[in-house]
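A short worksheet on the structure shown next.
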Amino acid sequence: MRRGGACVQKKEYLPLTSRQPGVCLLSEILVRALEARSFFLVVVTVPAGEVAYAESQVACDSRLSAFPSRTRPVILYVPGAHTRSASVRAGLDAMATHAPDVVLVHDGARPFVSVALIHSVLEATCRYGAAVPVIEATDTPKGVAADGSIETHLIRSRVRLAQTPQGFCYASLCAAHHRAATDGEQYTDDSELYARYGGTVHVCAGERSNVKITYPEDLEQRASEPALTRGISVLPCTEEGALRVGLGTDMHALCAGRPLILAGIHIPSKKGAQGHSDADVLAHASIDALLGAAGLGDIGTFFPSCDGRWKDAHSCALLRHTWQLVRAACWRLVNLDAVVCLEQPALHPFREAMRASLAQALDTHVTRVFVKAKTAERLGPVGSGAAVTAQVVVLLKKI
């Protein structure tokens, strides 16, 4: 969330409705961010000298205190600068000690962002690395020259209107912002800046209700709608404590000359699994189970075999990265239960090492992880020694 020091009219402090003067645009955004239960840190940049005032305005909204303190993210107010880009950069720099994987940048003049849109942008960002919500243009856009004449007739079907929040890999966005500062360049939004310095930005569906308050009549129009005239009554998200089950399976062919890796543990064997990475079926099935339970996608979404970056990759490192994404979405691991099916060699001697390795990758106690080893009784491709398989079930709890 951003406020630049050059803004004269402080729209973010305006009351959302006359019936609830304690609810301002900024506090409404914060309530919706807390409702999403997907953030551990929220940074608000405000004009220099206005930190205390911003805090006092937000404190007037009693809804914020209704969120449990143990799950409430830290809200940090940071002095901004005289340009939009510099203010965003100040906010990003304030996050450096927290080292987030993903960051969403939201305009403080868009108070009607929905929790569903926040989750949609987060999911697309985790999948692609950068994502922006867009809506179709309903009016026919024109490119206008300095003298007021139309110089370009844009194709409306190919034009989209960008909204916020816009999501990015934190480290990549920081690097792009600092390069832009060095070059002295200014951009109207972060997706343009990110793309200018080599990043690819994908789009996801925005919402027409996610309007930007630019003129007084924008707020007046929204305030007259029934949902707002009834008053705003937002309770903490009922998703807290929700349980989700995920299932992951994987199978790889076995061949001579390859190492056999299971949960990051090297298993002495005449044959190993074929694959683009280290072909660790137990780690791969665990990744799929976690992503499925959290509703974030699957292993092919994040680590496609066509991507050379994952050639011979250590799958437990991919599992650790996956868990960071799942944890950032406010999920806690209740337990993981796995079955590995391999005809030979016998896996029982390595079972505890595999449990410990998975627990370490998931930053959890080993008692929450269990691994069972089976044979296929000489049936099918596993029984003939041609393949190895794994099945994993996880239980996640929303926090």
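The first residue you see is number 1, and the count goes up from there.
For all residues, glycine too, the Cβ spot is worked out from N, Cα and C.
Keep in mind that what you see is a predicted model, and the values were worked out from it rather than measured.
The annotation region '2-C-methyl-D-erythritol 4-phosphate cytidylyltransferase' is assigned in Swiss-Prot to 1-243 on the grounds of sequence analysis.
Marked as site 'Transition state stabilizer' by Swiss-Prot on the basis of sequence analysis: R3 (among others).
Note: R156 (site 'Positions MEP for the nucleophilic attack') has non-local neighbours A137, D139, T140, P141, i.e. same-chain residues 6+ apart with C-beta under 8 A of its own C-beta. In the three-state DSSP scheme, R156 (site 'Positions MEP for the nucleophilic attack') is classed as helix. Annotation comment: Swiss-Prot describes R156 (among others) as site 'Positions MEP for the nucleophilic attack'.
In the three-state DSSP classification, K212 (site 'Positions MEP for the nucleophilic attack') falls within coil. The C-beta environment of K212 (site 'Positions MEP for the nucleophilic attack'), restricted to residues of the same chain at least 6 apart in sequence and closer than 8 Å, consists of D107, A109, R110, Q163, D218. What Swiss-Prot records for K212 (among others) is site 'Positions MEP for the nucleophilic attack', and it gives sequence analysis as the kind of evidence.
Feature annotation from Swiss-Prot assigns region '2-C-methyl-D-erythritol 2,4-cyclodiphosphate synthase' to 244-399; the stated evidence is sequence analysis.
Taking a C-beta cut-off of under 8 Å and a sequence gap of six or more, D250 (4-CDP-2-C-methyl-D-erythritol 2-phosphate binding site) has these contacts in its own chain: V281, L282, H284, A285, D288, T389, A390. According to Swiss-Prot, the feature 4-CDP-2-C-methyl-D-erythritol 2-phosphate binding site maps to D250, M251, H252, H276, S277, D298, I299, G300.
The local packing around H276 (4-CDP-2-C-methyl-D-erythritol 2-phosphate binding site), expressed as other Cβ atoms within 10 Å of its Cβ over all shown chains, amounts to 15. According to Swiss-Prot, the feature site 'Transition state stabilizer' maps to H276 (among others).
Taken from Swiss-Prot, the feature site 'Transition state stabilizer' applies to T375 (among others), supported by sequence analysis. Within 10 Å of the Cβ of T375 (site 'Transition state stabilizer') there are 14 other Cβ atoms, across all protein chains.
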Please classify the secondary structure at T375 (site 'Transition state stabilizer') using three-state DSSP.
coil
If I restrict to non-local contacts, at least six residues apart, and a C-beta distance under 8 angstroms, what lies near M251 (4-CDP-2-C-methyl-D-erythritol 2-phosphate binding site) in its own chain?
V281, P381, A387, V388, T389, A390
For H252 (4-CDP-2-C-methyl-D-erythritol 2-phosphate binding site), name the DSSP secondary structure in the helix/strand/coil scheme.
strand
Where I299 (4-CDP-2-C-methyl-D-erythritol 2-phosphate binding site) and T375 (site 'Transition state stabilizer') are concerned, what is their Cα separation in Å, rounded?
25
Using all protein chains shown, find which of the binding-site residues S277, D298, I299, G300 scores highest when you count other CB atoms within 10 A of its CB.
I299
Integer average pLDDT (0 to 100) for the region '2-C-methyl-D-erythritol 4-phosphate cytidylyltransferase' (1-243):
84
